[in-house]
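Below you'll find the structure, written out as structure tokens, and then a few comments.
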Amino acid sequence: MGKHAENGNAAAERPRFFGRRQGKALRRNALGLIEDLLPRLTVAVPEPDERVEPALLFPGAVRSVWLEVGFGGGEHLAQLAEDNPDIGLIGCEVFRNGIASLLGHVQARQLGNNVRVFPEDVRLLLPALPDGSLGRVFVLFPDPWPKTRHADRRFISPETLDVLARVLESGGELRVASDDPIYVAWAARHLDAHPAFEKILATADRSAVPADWPATRYEQKCITGRAPVFFLYRRRAR
């Protein structure tokens, strides 16, 4: 197990972040959402040694808490929140344009009761979460960092899987998707090798994917022209 798994309550050192935090200039409405709605939904960066109880981030009782790493435009997370009002959804994203997009969905669909946003690197939040506190984690179409010299920037890694294994409940799900063949092979190798995870599904057949797995905008646009591969792994019983 990695050091984060062994010491889940250790203070998270701020990791180096690679990627954009802002794209095109935000329009007035989007800026208004960032200024007015985001503060009401934000999960603060934990203090050293702070524990963050995910279920207590929501105003009402939730049956489970699910977390999405890098939610992009927020379509997937918003659909899950709408379909599962008794589930708390935490979306982690640093890209302000994507955050504004999710906030638009939250406002239009009135999802403020079961959506929370961590607008920072998810690696700052995960160490503060208690063992077995999440029911599902989603890592959908992360930056593949296809060059070999950038392999250490890929989110799926033995160390990250240690952390996810710690915070997922027994039987909890890790859902991963990518359309980059290098990342697909990388993710499959590390997921298959990790003793805490059991493979349930690995397919490029969208019809074989569970019905409660909404498509992301990236997937719908099919930017690369390559068929995505979908992985579903289950956290083995402790």
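The backbone N, Cα and C atoms fix where each Cβ goes, glycine too.
Because the structure is a prediction, the values reported are computed rather than measured.
Here is what Swiss-Prot says about this protein:
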BINDING   Glu68, Glu93, Asp121, Asp143  S-adenosyl-L-methionine binding site
ACT_SITE  Asp143  active site
BINDING   Lys147, Asp179, Thr216, Arg217, Tyr218, Glu219  substrate binding site
Spatially closest candidate among Glu68, Glu93, Asp121, Asp143, the listed binding-site residues, to Thr216 (substrate binding site) (Cα to Cα): Glu68
Packing count at Glu68 (S-adenosyl-L-methionine binding site) (other Cβ atoms within 10 Å of its Cβ): 25
Neighbouring C-beta atoms (10 Å sphere around the C-beta of Thr216 (substrate binding site)): 22
Among Glu93, Asp121, Asp143, Asp179, Glu219 [binding-site residues], residue with fewest other Cβ within 10 Å: Asp143
Glu68 (S-adenosyl-L-methionine binding site) and Glu219 (substrate binding site), Cα-Cα, nearest whole angstrom: 16
